[in-house]
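All remarks here apply to the structure that follows.
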Amino acid sequence: MRKKEATILIVDDDEDILFSARVWLKKFFEEVITINSPKKIIPTLNENNVDVILLDMNFRRGFEDGKEGLYWLKEIQEINKNIPVILMTAYGEVELAVEALKKGATDFILKPWNNEKLYASVNLAVDISRKNKKLQQWENLQTSLTEYNLETKSPKMQDVMKTLKKVSPTDANILLLGENGTGKFVLAEYIHKNSKRNNEPFVHIDLGSLSENLFEAELFGYAKGAFTDAKNDKAGKIENANGGTVFLDEIGNLSPQLQQKILTLIQTKKLTRIGENKERFLDIRFIFATNADLKKLFNEGKFREDLYYRINTVEIEIPPLRERKEDLQNLSEFFIQKYQKKYAKDNLEFENFEELNNYHFPGNIRELEHSIERAIILSEDGKINLALQNNPISASENLTSLNLEEMEEKMIANALKKYKGNISLASEALGLTRASLYRRMEKFGL
Ligand SMILES: Nc1ncnc2c1ncn2[C@@H]1O[C@H](COP(=O)(O)OP(=O)(O)OP(=O)(O)O)[C@@H](O)[C@H]1O
């Protein structure tokens, strides 16, 4: 019988119980993790993609009222209400079972258990867990898509949307090119939502924010004992996206060794966890994004040409906001609505909308959104004044003499000076993520 791809966590202070439950369940499920103290539940859940928990009701000797089990059931539900919990007790008090079920436990098992019954209960809980996860993903996606405004009056952006509509339902690899803050993530989610995988996971992996050491373990997963900190088997982010879409962001930042790994993964659709020999087949659609000029990088020998041609089956260039000024009004109104609601303010009006038209928005939509949010927080008398001068370029500076790269460097240097090296404030003012700012500082040697 093929094992089910599922991770079961067993929590009991009796090592014999842990051992026998593990041996039995390992026959049916890919991963079984055991811990001997409920205090380890939260860290274990944080590190693993657990599908079902088998939880003992009584941990301290002499305390057999099941209160500890109920306490931990509540703690688990606070972290993740979608993980089914099966409670175990040697004392078959019906009242306790009913209370646990009322509080959201999925099932109740009496010790010593009947192996067949244990399997049936865990197996059903795995199916429930999968359904819960899918529902959650779908709900998250619905909520997130209403957070965006994809209507566009810009001819360049209309072309982008037309292409996206055509390619989204296919399984083609897509490469999204565009400056920071132009909406690459938003569009990647749109592609997933409009594909046949929309009930499956959408996993965003920011390659720029992972250190080289962590990269392989995070993405590819590992077997217990593969390295010092590998206390349990763990699936990586890519495996967790099986059936769905992986959005690999900032692909231009990959080291040559990691480029090779990603190339193999895309070519073979097979993955091997660190410390394991077994290959796992994956059914995944890939979307890639970068703000770097990949052609230039491969001409300079910094990006593998074969990888470039693998990932760009469809290549889509997202215009910067300064090249789609037709959308300024729409997007601004959308953000005003959003933040009026959030900060409980009403009927706000722009005092200086015209200034937006003359501004070059180096941080693109992210910068527009942040500027509007900030202005709404500070608004008085129903007026919004976008303090664009708050952005780290002063109006008096002559930018026209600089090329884009020089301008970027100057803005970053100014922002760092203005915010006295505070990365959070500088990145917010620039409309960049902290990781993107760090990368640019490294690039310009700042
Ligand atoms: N069409 C849109 N409607 C509403 N908000 C948008 C839209 N596009 C982008 N945004 C907002 O702009 C911000 C930046 O978008 P996103 O993260 O998709 O850009 P990005 O190109 O992936 O940026 P980076 O390259 O820096 O990661 C987000 O906060 C997002 O909410």
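From the backbone N, Cα and C atoms, a Cβ is placed for every residue, glycine too.
Over in TrEMBL, the protein carries these features:
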| type | residues | note |
| --- | --- | --- |
| DOMAIN | 7-126 | domain 'Response regulatory' |
| DOMAIN | 150-377 | domain 'Sigma-54 factor interaction' |
| MOD_RES | Asp56 | 4-aspartylphosphate |
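When the domain 'Response regulatory' (7-126) is classified with DSSP, helix, strand and coil residues number 55 helix, 26 strand, 39 coil.
Counting only same-chain residues at least 6 apart in sequence, those with a Cβ under 8 Å from the Cβ of Asp56 (4-aspartylphosphate) are Val11, Asp12, Asp13, Asp14, Ile17, Pro38, Gly69, Leu87, Met88, Thr89. Confidence annotation: the domain 'Response regulatory' (7-126) carries a mean pLDDT of 88 in the model.
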